[in-house]
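Chemist: Have a look at the structure that comes next, please.
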Amino acid sequence: VMLVLAGIPLFFLESAFGQFCSQGPINIWRAVPILQGVGVAMVMVTLIVSVYYNVIIAYSLYYMFASFQSPLPWSSCLNQADSNCSNTAFFITVLGVRITHSYKQAHIHTLVILLWLYSQMSLLLSRVALQRSSGLDETGPVVWHLALCLLLSSMIVAAALIRGIKSSGKVVYFTATFPYVVILILLIRGVTLEGARDGIEFYIGSQSNLTKLTEAQVWKDAATQTFYSLSIGWGGVMTLASYNNFHNNVFKDSFVVTLTNAGTSVLAGFAIFSILGHMAHIYKMPVGEVVKEGFGLAFIAYPDALSKLPISPLWSILFFFMLLTVGLDSQFAGIEVITTCLLDAFPKTFKSKRALLTITTSSILYLLGLPCITRVRLP
């Protein structure tokens with residue numbers, strides 16, 4: 001619904017603006033001087049997002065490299081684990097309250113019970129990968145292995161964009177299509193596992209909680225996902241459309257891109273929930289108990305589920321390589337927005353120095369990303 005009401009119309013609007021003007025977002029909005037700040041805001045948002053996308057790509061690289069081990073590092077308790085870590089799933093019942101989450105707080109009258117149940121995956125993320133401190137007041141040094149992964153991420157992006165849209169366009173032929181190969185492989189493997197049906201029914205089926213559609217938060221999340229996945233309001237659509245032929249059929253392109261994007265999300269959901277259903281089957285838990293959102297799904301729940309499969313390193317490598325390619329696509333668009341706006345603003349200065357501009361932009365984003373990989377624990 002949000003795709004039809006907001007996604008497709010706004011994507012078409014931005015694409016048409018970019019293709020007609022053949023300029024970046026800042027120059028486009030010069031047509032309406034009072035709204036020129038909208039273009040500046042788009043670039044600033046893209047700059048902020050590009051900083052942390054670079055960090056997410058670094059996480060993907062780290063986990064992909066860590067997956068070249070058998071067994072996987074998170075398939076059993078680590079040396080850094082404490083006595084709260086267990087290699088077997090277990091449950092605790094306190095006064096009739098069944099605790100199954102990694103952290104649950106139960107309020108019973110005035111009694112507050114805090115229970116910490118660490119999973120191996122959470123320990124790897126907190127103790128080894130992020131090396132989290134006790135709080136915001138303990139920033140600590142930069143985590144060196146993440147700094148190296150962040151550097152590699154910046155180098156890959158700079159190399160792909162060294163000649164602008166000419167070089168990135170060729171790279172995107174691979175990075176945009178490879179995730180479909182991985183999704184299909186994981187989907188075929190997932191639906192053959194025990195418990196996959198339960199996961200799919202939780203996703204789209206008898207176990208789905210359709211009453212959630214009456215909650216405003218669900219519609220807000222749907223709108224957020226639509227804007228995020230289509231890069232609406234960030235300047236990326238305008239920038240990439242500015243390289244189109246002036247007479248290109250932008251109306252058809254808008255429908256193809258938005259519907260393909262939505263279909264990909266649905267297809268990926270089947271691949272993810274089929275394997276999460278298998279994980280729930282192994283732990284003998286409801287699917288809803290093992291499902292996490294966002295960061296927790298990508299770096300805790302799903303990798304934990306993959307570690308339960310035969311040849312688990314292979315599936316883990318494929319999954320994190322897929323995350324890497326998806327992240328690179330988004331990062332390409334973000335940096336293209338920044339460099340295009342600089343080229344539009346200073347054409348005589350930067351036109352012959354495109355490669356230097358790209359390397360400088362990637363270097364600045366690397367430096368801005370370093371504070372994000374310190375040991376500070378965010379709330």
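Glycine too: its Cβ is placed from the backbone N, Cα and C atoms.
Pasting the feature list from TrEMBL:
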type	residues	note
BINDING	S229, N261, D329, S330	Na(+) binding site
DISULFID	C77-C85	disulfide bond
SIGNAL	1-18	signal peptide
TRANSMEM	34-62	transmembrane segment
TRANSMEM	108-130	transmembrane segment
TRANSMEM	142-162	transmembrane segment
TRANSMEM	171-188	transmembrane segment
TRANSMEM	226-243	transmembrane segment
TRANSMEM	255-276	transmembrane segment
TRANSMEM	314-343	transmembrane segment
TRANSMEM	355-376	transmembrane segment
Chemist: So among the binding-site residues S229, N261, S330, who's got the most Cβ atoms within 10 Å?
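Modeler: Going through S229, N261, S330 one by one, the largest Cβ count within 10 Å is at S330.
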Chemist: So, taking each listed stretch (34-62, 142-162, 171-188, 226-243, 355-376) in turn and counting its Cβ pairs to the transmembrane segment (255-276) that are under 8 angstroms, which one gives the highest count?
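Modeler: The stretch with the most contacts is 171-188.
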Chemist: Report the residues of the chain - excluding S229, N261, D329, S330 - with C-beta within 8 Å of the mean position of the site's C-beta atoms, for the recorded Na(+) site, in sequence order.
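Modeler: Going along the sequence, the neighbours come out as L230, S231, V326.
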Chemist: Which sequence-distant residues neighbour the transmembrane segment (34-62)? Criterion: at least 6 residues beyond either end, Cβ under 8 Å.
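Modeler: The answer is 24-28, 129, 145-146, 149-150, 152-154, 157, 233-236, 238, 299, 320-321, 323-324, 327-328, 330-331, 334-335, 337-338, 341, 365-366, 368-369, 372-373.
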Chemist: Of the listed stretches 142-162, 171-188, 355-376, which one has the most C-beta pairs under 8 A with the transmembrane segment (314-343)?
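Modeler: Counting Cβ pairs under 8 Å, the winner is 171-188.
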Chemist: Sort out the sequence-distant neighbours of D329 (Na(+) binding site) for me: same chain, 6+ apart, CB within less than 8 Å of its CB, listed by position.
Modeler: V172, T175, A176
